[in-house]
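Copied from TrEMBL, the annotated features are:
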- 1-20: region 'Disordered' (REGION)
- 41-142: domain 'STAS' (DOMAIN)
- 146-185: region 'Disordered' (REGION)
Amino acid sequence: MAPHPEFEITPSPRREISSLCGKPDPKDRLVCCRRRRGRSVVLSVRGEADAFTLPVWRLEIAEAAEDARAKGGGLIVDTTRLNFLSWRSLATLAEDAERFGREGVPMCLVSTSSTVFRLAGVDPRVARLPIHSTVVSALTRLELGRRGSPAQRGTRHQQTRTAVADPSTSGHEDGFSSANGRGSG
């Protein structure tokens, strides 16, 4: 039985672990998979989104946004399987979301990390990024926004955020560590 076209999966090319053979490759540390859900595209990422993998992170987001634009939908970046998300990668995502939003591709972040919500409380760029705890809630927001639902026009998804005085107190210079932010940090 062929997969339903709505649930088509487009994985990024996976390379052999080049670090065993010499020069490390960022694609070994950040793995991305694109799935289509109706008109929207879900980009699920695993591994580490840090300074080393930032070029791959940005390229994958740009390609997924172009896929979403071609389908007339939005982009959801699912980070629930990341082991590490640096503040710089998160800020870059927020900046890209604004740019793609102006170009007609709304973007949402899916994260269960309390650290991401705390960073959104102190960084105005991240604060403007719609953050959801599940892909389903992000899909719902995008679909309602596409339909022009009164509940979605001119309002943001409400999130519970706890402000922190200094996000660098986690012991990690540019981000947070541990899957889903549940470890130290």
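Cβ from N, Cα, C; glycine included.
Keep in mind the model is a prediction, meaning the values are calculated, not measured.
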| said: DSSP-wise, what's the residue breakdown of the domain 'STAS' (41-142) into helix, strand and coil? | reply: 55 helix, 27 strand, 20 coil
| remark: In the domain 'STAS' (41-142), averaged pLDDT is 95
